[in-house]
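Some notes on the structure that comes next.
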Amino acid sequence: MGTRKPAENDVFSGQTPKVIADFDPPKKPKRNKYALACSFLASMTSVLLGYDIGVMSGAAIYIKRDFKLSDVKVEILVGILNLYSLLGSAAAGRTSDWIGRRLTIVFASAIFFAGALLMGFSTNYAFLMVGRFVAGVGVGYALMIAPVYTAEVSPASSRGFLTSFPEVFINAGILLGYVSNYGFSKLPPHLGWRFMLGIGAVPSVFLALGVLAMPESPRWLVMQGRLGEAKGVLDKTSDSLEEAQLRLSDIKEAAGIPEHCNDDVVAVSKKSHGEGVWRDLLVHPTPSVLHILLAGAGIHFFQQSSGIDAVVLYSPRIFEKAGITKDTDKLLATMAVGFTKTLFILVATFFLDKVGRRPLLLSSVAGMIGSLALLGVGLTIVDHSEHKMVWAVAWCLIMVLAYVSFFSIGLGPITWVYSSEIFPLRLRAQGCSIGVAANRVTSGVISMTFLSLSKAITTGGAFFLFAGIASVAFAFFYTLLPETRGRTLEEMEELFGTFFQWRTKMRELEKQKTGQQLQMGTTATVAKN
């Protein structure tokens, strides 16, 4: 009998619940390596956008000299890709519904491959603009389809973490572009910039090959009636078989497939399930949807209007204004910007779910305001001095690095995470597309006007302007954007809709949740007795 007591004590001491907990899906967040690898590969398409942004900052120096371009033509050349990308983003949804998410990513890589080659072999400005158009369409496809695939393949436990991947790879691409600039700057000027742009075709080939090893999106498979294949993908990408079944059930309901239909291949109606979505989003939105739309489009607008693309695209020009005259030194300083930006975006990725969205976002914007203002001061001092001031050059370099660091720990990644999680499921695709459009248009306007703006109000004045816009952004985020970490979709809709009174609504939700927990505890106690 003495040997049996430990087993009995184990039962009463809670050992059995520990065994159950080992199989509890919430205990396994971020451990599904298959889903992680799929999301990783899909998000790597964002490298294409990042590389183009980064490489054009240095290539523009040599293109201007080779083709004897004015600053206005350089602005258009650098910034027009953002507007071209809208065409790709607009077409990506229909294309992905037609050929699938995976092949759409391959298609995006192929388009960018062609665009990079066209840019590399350009013989004049017009030819170069054709290459920019083709590459821009490819970037637009990649920018839109990667988050969609990631959201559809990821398990619920790690979807928020994985959503930040595209921003990480955009920064990695920017850094690669900066490294390419420095590496090929040693070549003759007429060859250097062509290699900088043309070598961008190489990563697109590896991306296309890597994506072919990924499974198709389970949602797309269900939309095609291929339930057997969808179930196989969901079993691999979910935290448990139970979650896989729940995800399959939800997708079947959205696709209009009866719950009892479990054949491997079924007939699916091809009618649109998005009827009325644009009406509910733009024409007759509820207060909650209007608040969500304002927050989603607003955070994308302020991410770009606070000047990040001006710094990333025109870093060599900014450092030249600060007093760095040698091309290789300017490109080295620009590489430091890319390295710093990439490092801090990685730090932010691991703190998003621990610290919360608002604390990171507000501290990020506050730091951006200070660094932009101090950069404006440094550039103004340099502009009004008759000789080179070494301390002012160092000051400007430090402030640029500080600015991209603050941007990368908050506003950079949180923009994509926040806008993807606040829209109701039915409105998410269209809502996110509005955010992406606001992001790209604003980026295009900033990048196509920065040089002209700098001439009109000086480079220092331009950064004072960006500091002012960032101040407005801080007020907007502080007053209108509630914390979303740990909130369910149902709570999200309840949380939004009160605009400036969201704090009161949040307190009410907390009281309701506490009351429900107490009631559940009381019910459980009564049941035991």
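For all residues, glycine too, the Cβ spot is worked out from N, Cα and C.
Averaged across the domain 'Major facilitator superfamily (MFS) profile' (38-485), pLDDT for the predicted model comes to 87. For 38-485, the entry in TrEMBL reads domain 'Major facilitator superfamily (MFS) profile'.
The transmembrane segment annotation in TrEMBL covers 34-62 (among others).
According to TrEMBL, the transmembrane segment annotation covers 74-91 (among others). Within the same chain, residues 49, 52, 56-57, 60, 63-64, 108, 111, 125, 128-129, 132-133, 135-144, 309, 313-314, 433, 436-437, 440-441, 443-452 sit at least 6 positions outside the transmembrane segment (74-91) and bring their C-beta atoms closer than 8 Å to a C-beta of that stretch.
The transmembrane segment feature in TrEMBL is assigned to 103-121 (among others).
Residues annotated as transmembrane segment in TrEMBL: 127-149 (among others).
Positions annotated as transmembrane segment by TrEMBL: 161-179 (among others).
What TrEMBL records for 191-214 (among others) is transmembrane segment.
Per TrEMBL, the feature transmembrane segment maps to 331-352 (among others). With a cut-off of 8 Å between Cβ atoms, the residues of this chain six or more beyond the transmembrane segment (331-352) that come close are 54, 57-58, 160-161, 164-165, 167-168, 171-172, 174-175, 177-179, 181-182, 185, 311-312, 315-316, 319, 324, 360, 397, 400-401, 404-405, 407-410, 412-414, 417.
The transmembrane segment feature in TrEMBL is assigned to 364-382 (among others). For the transmembrane segment (364-382), same-chain residues at least 6 beyond its ends with a Cβ under 8 Å from one of its own Cβ atoms are 306-307, 318, 321-323, 389, 392-393, 395-396, 399-400, 402-403, 405-407, 409-412, 414, 458-464, 466-467, 470-471, 473-474, 477.
If you look up TrEMBL, you'll see 389-418 (among others) marked as transmembrane segment. Note on the transmembrane segment (389-418): residues 147, 160, 163-164, 166-168, 171, 295-296, 299-300, 302-303, 306, 308, 311-312, 315, 318-319, 322-324, 333, 336-337, 340-345, 347-349, 351-352, 357, 360-368, 370-372, 374-375, 378-379, 381-382, 439, 473, 481, 484 of its chain, located 6 or more positions outside it, place their CB under 8 angstroms from a CB of the stretch.
The transmembrane segment annotation in TrEMBL covers 457-481 (among others).
Most Cβ pairs within less than 8 Å of the transmembrane segment (161-179), among stretches 34-62, 103-121, 127-149, belong to 34-62. The stretch in closest packing with the transmembrane segment (191-214), judged by the count of Cβ pairs under 8 Å and taken from 34-62, 103-121, 127-149, is 103-121. Here the transmembrane segment (127-149) has Cβ contacts under 8 Å with residues 38-39, 42-43, 45-46, 48-49, 52, 63, 67, 77, 80-93, 95-96, 101-102, 104-105, 107-121, 163, 166, 197, 200, 204, 217, 416, 420, 429, 432-433, 436, 440 of the same chain, all six or more residues outside its ends.
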